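Below: one structure, written as structure tokens.
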Amino acid sequence: MDYLPMFAKLDGRPVLLVGGGEVALRKARLLLAAGARLTLVSPELEPDFHQFADRFTHLAERFTPAHLTGQILVVAATDDLEVNALVYQSANQLGLFVNVVDDPKRSSFIFPSIIDRSPIMVAVSSGGKAPVLVRLLRERLESLLPRHLGALAELSGRVRDQAKRVLSSISDRRRFWERAFASNTLAGLIEKEDWQGAEQWLNDGLDQAKNEVGEVVLVGAGPGDPGLLTLKALQQIQQAEVVLYDQLVSPEILDLVRRDATLVSVGKKAGAHSVPQEETNRLLVEYAKAGNRVVRLKGGDPFMFGRGGEELEVLAEEGIPFSVVPGITAAAGATAYAGIPLTHRDHAQSAVFITGHCQIDGKEPDWQQLAATSQTLVIYMGLMRSEHIQQQLVSHGRSSATPIAIIERGTTARQRVLTGTLADLAELAAQAVSPSLIVIGEVVALRERLAWFGEGQQQGTCDLKLVSLA
């Protein structure tokens, strides 16, 4: 970053402003609003300065370096380039922060564009590179931030000490304030300027928060691309105090989790269950009963082969509040990024999703039904049993010439798509790594025309790869 954003407390501190025109007038109003003890150096002043002449000291003379004595901050706002340069050089020699208006090269600090909801202040800056863009951003933020935001901050300041007495844990207080600030009830009371009612609402909330249990939100992280997160999923992971995540959740998505949250890996890979499901269930209950806002973050959609239903059953038995944020499942996301439509009027009237894992009782799926030619078959976690899947489909009537694709790390920058026919499935699977999705059906052939993502990634058929290896 070119500049460090920070807020300076100028109340009663000496600040020098050089200039007496309209630009200097704007800076004077801003500095006085911040409580600065302002000295203004200029032979002449705009008439409007006289409206608040009793709030600053005016020296009707040209600037000299001696004017810097005792100042902590300096602003040059003249149209005289030589004067501005002298102010900059003199202040620099004394190690003072100096701003030359509209001259970033001669400024050790700059004034940002400000959205004022005192005591809430929002500052936006481009470092002088794009002032029009900054103005547009400020206008957008002005329209988004409610006018009662400052009043809400003042109110919370009055209740803050009481919150510390009632809720000894920092995490408990943080949770209380997050829920309060998100409450439409509190916002409505403040909108009506019912300050007494709003303060009473907060105090009542503190009494309830003392014995409050936490909650769990089951969140689908989508297939990998952070851009495919839903807005609600993003909100939940940024509000979470504890996040239990699977190995399928991409690092880019984990980077979006709030920095002070506790991250717990309960990752699973096919054939390598690093954390038993029972332990995951125990952790969910333990963290929630400690009063935490817990997010259970799963790749894809939590109810699509993600054991989300099993985890919610445990929470229900324990009386822990929960909610669910669906995600884009890999079958929808990865195939779209691979240019493979799941259904097509000419090729597939339906799509079937199955898991390649064996059921606990060893029962086989209905292969006769899965081998139907008018549907697309999508197999999650099927690499390890690819040879068995291939044999069963062919033996139950699916043509060995049926187009197939294996989508590896779908929707991410490392996406790779291996294509071939059903006869090649086991051989292609041996070249793929998890997480991968197997797609079987005539729609795969459309990829040759519809592929759009991952230019330069592997798109050859099994036959071409075999030739290159010979």
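Placement of Cβ uses the backbone N, Cα and C atoms for every residue, glycine included.
Swiss-Prot names Gly299, Gly300, Asp301, Thr329, Ala330, Met381, Gly410 as S-adenosyl-L-methionine ligands; from the candidate set Pro131, Pro146, Pro223, Pro226, the record adds Pro223 to that same site.
Across the recorded positions listed here (Ser126, Thr329), the residue whose Cβ sits among the most other Cβ atoms within 10 Å is Thr329.
The most densely surrounded of the binding-site residues Gly299, Gly300 is Gly300 (count of other Cβ atoms within 10 A of its Cβ). Each of Gly222, Leu248, Met304, Gly327, Ile328, Ala331, Gly333, Ala334, Tyr380, Pro435, Leu437 belongs to the same chain as Pro223, Gly299, Gly300, Asp301, Thr329, Ala330, Met381, Gly410, is absent from that list, and has a C-beta within 8 angstroms of the C-beta centroid marking the S-adenosyl-L-methionine site. Within the set Pro223, Gly299, Gly300, Asp301, Thr329, Ala330, Met381, Gly410 that the record links to S-adenosyl-L-methionine, no two Cα atoms are more than 14 Å apart, and one pair reaches that distance. In this structure, the binding-site residues under consideration are Ala330, Met381, and the one with the smallest number of other Cβ atoms within 10 Å of its Cβ is Met381. Its Cβ placed at the centre, Gly410 (S-adenosyl-L-methionine binding site) has 26 other Cβ atoms within 10 Å. Averaged across the region 'Uroporphyrinogen-III C-methyltransferase' (214-470), the predicted model reaches a pLDDT of 89. On the backbone, the CA of Ser126 (phosphoserine) and the CA of Pro223 (S-adenosyl-L-methionine binding site) stand 34 Å apart.
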